[in-house]
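Colleague: Sharing the record's features from TrEMBL:
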- 17-18, R38, 72-75, 96-98, R104, 136-139: CoA binding site (BINDING)
- D168: active site, nucleophile (ACT_SITE)
- G246, G247, Q248: substrate binding site (BINDING)
Amino acid sequence: MGKALQGVRILDFTHVQSGPTCTQLLAWFGADVIKVERPGEGDITRSQLRDLPDADSLYFTMLNHNKRSITLDTKTPKGKEVLEALIKTCDVMVENFAPGVLDRMGFTWERIQELNPAMIVASVKGFGPGPFENCKVYENVAQCAGGAASTTGFDDGPPMVTGAQIGDSGTGLHLALGIVTALYQRRETGRGQKVLAAMQDAVLNLCRVKLRDQQRLAHGPMKEYPQYPNGEFGDTVPRAGNASGGGQPGWILKCKGWETDPNAYIYFIAQAPVWKSICKVIGKEEWITDPDYATPVARLPRLMEIFGTVEEWTKTLTKFEVMDILNKYDIPCGPILSMKEIAEDKSLYETGTLVEVEHPTRGSYLTVGNPIKLSDSPTEVTRSPLLGEHTDEILRDVLGFSEREIMDIRDSGAIGVVERLAAE
Ligand code: CAO
């Protein structure tokens, strides 16, 4: 079966997390992704948070599947020559260097356009144009600057970052969409263009409902927030704890075993259409007609009391028992799953969302596969490349250099010493 992005060639000049997650998605959709790495160390994540002494870290292997790797010192004359050849052959360059790095290397937008006017140059930066545009940015900086941290956590605690990598992987996703859109437009115009996804912008986009609430504040307290009716609202969106934030109030409730298991909890949603069923299940049938509880508006000032009563019931059952019972009545809820529970969930393997991958130096490891499923372009997850593993084949087969030219490039030091598979 063909692949959606077959024939598209990506010059992957990315490192760490945000850029690599973007190009990994493109590779999963069938693009030929050529990762350019500095000789010797390569992407810094290869050696970060290592669990095995001589194997690429899980950090690297889980972000760089289905790619080829070429080592290249792009600050040397020969390295620049090879990069120029890559620019001429590739459709898209993806980079997430600190601001100004590509220009300093001699590869300005104008220069790239000169080499290949059809090239799409896609960048992740921490901030868009403005006061912070020259700053280096990592995940949590973006979460803080994009409005996620100030709106996450509890009212009486400090701002909080989330475990989901919305700044890095979230921006990578945004960039991937920008790239395929630019490729689509190029079919008409024949021209490349710049694609920018700033991490602050991507996080803010994911915090859209909080900017909605900032404007709602001017018109009175927000009744679905836990601050209502007893707490104070200031002039900015407060942290809402575990409130669901939408029109359907929700909270995290303890389940059987919560005293010792940090994840024995369930997310419970008091959805209005199933209110009667909720009352029956928890044994509070009188709430069905009691005017203090019968309507969503009447319930708003009593939400914490209601959740407390539901919790008395959930505490008698495991989260999975609660899930089974509530779902019989279409009452929305979700168990708090630990990473261990997720890693053991067979159904996620069946859909390809979790995948076991073989790696020549680390053995088998578990990874998250492509979360986006295309019926005509299935994803087959293959391992991440060793540093420079494909240098020769890219120089020869993609760029068409002769053996003599490859020898010259090697002698110049521009590609360093290429790592070989142990099996060779
Ligand atoms: N050959 C030669 N030099 C290379 C090279 C290669 N193949 N690849 C990279 N380099 C050089 C660059 O030219 C640069 O050198 P100069 O500073 O002399 O111009 C140098 O490596 C460092 O690049 P950098 O500044 O991008 O890397 P850093 O580790 O200092 O910063 C990061 C990392 C992520 C903070 C920064 O790249 C950044 O802000 N990127 C944009 C935002 C982003 O993507 N952040 C998410 C990261 S994931 O958490």
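Cβ coordinates are placed from backbone N, Cα and C, and glycine is handled just like the others.
Quick caveat, the model's predicted, so the values are computed rather than measured.
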Colleague: Under 8 Å Cβ-Cβ from Q17 (CoA binding site), six or more apart in the same chain: what's there?
Modeller: T45, Y59, L63, E139, Q165, D168, S169, G172
Colleague: Those binding-site residues, E139, G247, Q248: which ones have a Cβ sitting under 6 Å from ligand 1?
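Modeller: Near the molecule: E139.
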Colleague: For D73 (CoA binding site), which residues of its chain lie six or more apart in sequence with Cβ-Cβ distance below 8 Å?
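Modeller: Same-chain residues close to D73 (CoA binding site) (Cβ under 8 Å, separated by 6 or more) are R38, P39, G79, G413, A414, I415, G416.
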Colleague: Near the Cβ of D168 (active site, nucleophile), how many other Cβ atoms are there if near means within 10 Å?
Modeller: 27
Colleague: Tell me which of the binding-site residues K75, F97, R104, V137 ends up closest to G247 (substrate binding site) in space, Cα to Cα.
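Modeller: Closest candidate to G247 (substrate binding site), judged by Cα separation, is V137.
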Colleague: Tell me, by DSSP, whether F97 (CoA binding site) is helix, strand or coil?
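Modeller: F97 (CoA binding site) sits in coil per DSSP, no helix or strand.
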Colleague: Tell me the coarse DSSP state (helix, strand, coil) of R104 (CoA binding site).
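Modeller: DSSP assigns R104 (CoA binding site) to helix.
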Colleague: Using CB atoms and a 10 A radius, I'd like the single residue among the binding-site residues K75, E139 with the highest neighbour count.
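Modeller: Result of the Cβ crowding comparison: E139.
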Colleague: Which residue, of the binding-site residues R38, R104, has its CB surrounded by the fewest other CB atoms within 10 A?
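Modeller: Counting other Cβ atoms within 10 Å of each of the binding-site residues R38, R104 gives the minimum at R104.
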